[in-house]
Amino acid sequence: MTDQQAEARSYLSEEMIAEFKAAFDMFDADGGGDISVKELGTVMRMLGQTPTKEELDAIIEEVDEDGSGTIDFEEFLVMMVRQMKEDAKGKSEEELAECFRIFDRNADGYIDAEELAEIFRASGEHVTDEEIESLMKDGDKNNDGRIDFDEFLKMMEGVQ
């Protein structure tokens, strides 16, 4: 088992591994321990994932190291964990977009120092003007005096 495969297993509960194994086995018709790449999309959709054709091609390219056209169960687990993390990242980005809209009180597409200070006051945090200034300076990568959504995402990466 590779480090990547061990890491994938550590990310999943025993229950999830069993669920993935049951789905995997349904498509392993000959019991040989692998499934064809063609069946991969069907299995992933059955497990609640929604990979696009392009994502599937990219996943298969990464997972099917020997180019055999088949994927064994350990490779399958690595792939499923990768897809789950990608889906979670998309969801958290949606949640962050919602936060950004709330923080951007005047809806101009930016968070300025005043709005940033308001966020902290509303959360009960006591921050000084110097701390706000420092946060703005750290977050405002293009130095326009305000934080746009991309800058906000970068700031929040450090928080999660």
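Backbone N, Cα and C atoms are what each Cβ position is placed from, and that goes for glycine too.
These come from Swiss-Prot:
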| type | residues | note |
| --- | --- | --- |
| MOD_RES | THR2 | N-acetylthreonine |
| DOMAIN | 15-50 | domain 'EF-hand 1' |
| BINDING | ASP28, ASP30, ASP34, GLU39 | Ca(2+) 1 binding site |
| DOMAIN | 51-86 | domain 'EF-hand 2' |
| DOMAIN | 91-126 | domain 'EF-hand 3' |
| BINDING | ASP104, ASN106, ASP108, TYR110, GLU115 | Ca(2+) 3 binding site |
| DOMAIN | 127-160 | domain 'EF-hand 4' |
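Recorded features from Swiss-Prot, shown on the structure.
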residue	record	contacts (Cβ under 8 Å, 6+ apart)
THR2	N-acetylthreonine	GLU74
ASP28	Ca(2+) 1 binding site	ASP34, ILE35
ASP30	Ca(2+) 1 binding site	none
GLU39	Ca(2+) 1 binding site	PHE27
ASP104	Ca(2+) 3 binding site	TYR110, ILE111, GLU115
ASN106	Ca(2+) 3 binding site	GLU115
ASP108	Ca(2+) 3 binding site	none
Checklist entry - CB neighbours of GLU115 (Ca(2+) 3 binding site) within 10 A? => result 17
Checklist entry - What other residues of the same chain, not counting ASP28, ASP30, ASP34, GLU39, have a CB atom within 8 A of the CB centroid of the Ca(2+) 1 site? => result PHE27, ALA29, GLY31, GLY32, GLY33, ILE35, SER36, THR70
Next on the checklist: Among all protein chains shown, how many Cβ atoms are found within 10 Å of the Cβ of TYR110 (Ca(2+) 3 binding site), not counting that one?
Outcome noted: 19
Checklist entry - Just counting, how many other CB atoms are there within 10 A of the CB of ASP34 (Ca(2+) 1 binding site)? => result 19
Next on the checklist: Can you work out the mean pLDDT of the predicted model over the domain 'EF-hand 3' (91-126)?
Outcome noted: 86
Item to check | Cβ-Cβ under 8 Å with the domain 'EF-hand 1' (15-50): same-chain residues at least 6 beyond its ends | outcome: 9, 56, 59-60, 64, 68-73, 76-77, 79-80, 83-84, 87
Checklist entry - Which state, by DSSP, holds ASP34 (Ca(2+) 1 binding site): helix, strand or coil? => result strand
Next on the checklist: Could you give me three numbers for the domain 'EF-hand 3' (91-126), the DSSP helix, strand and coil residue counts?
Outcome noted: 23 helix, 1 strand, 12 coil
Item to check | Additional residues surrounding Ca(2+) 3, by Cβ distance to the ASP104, ASN106, ASP108, TYR110, GLU115 centre under 8 Å | outcome: PHE103, ARG105, ALA107, GLY109, ILE111, ASP112, ARG146
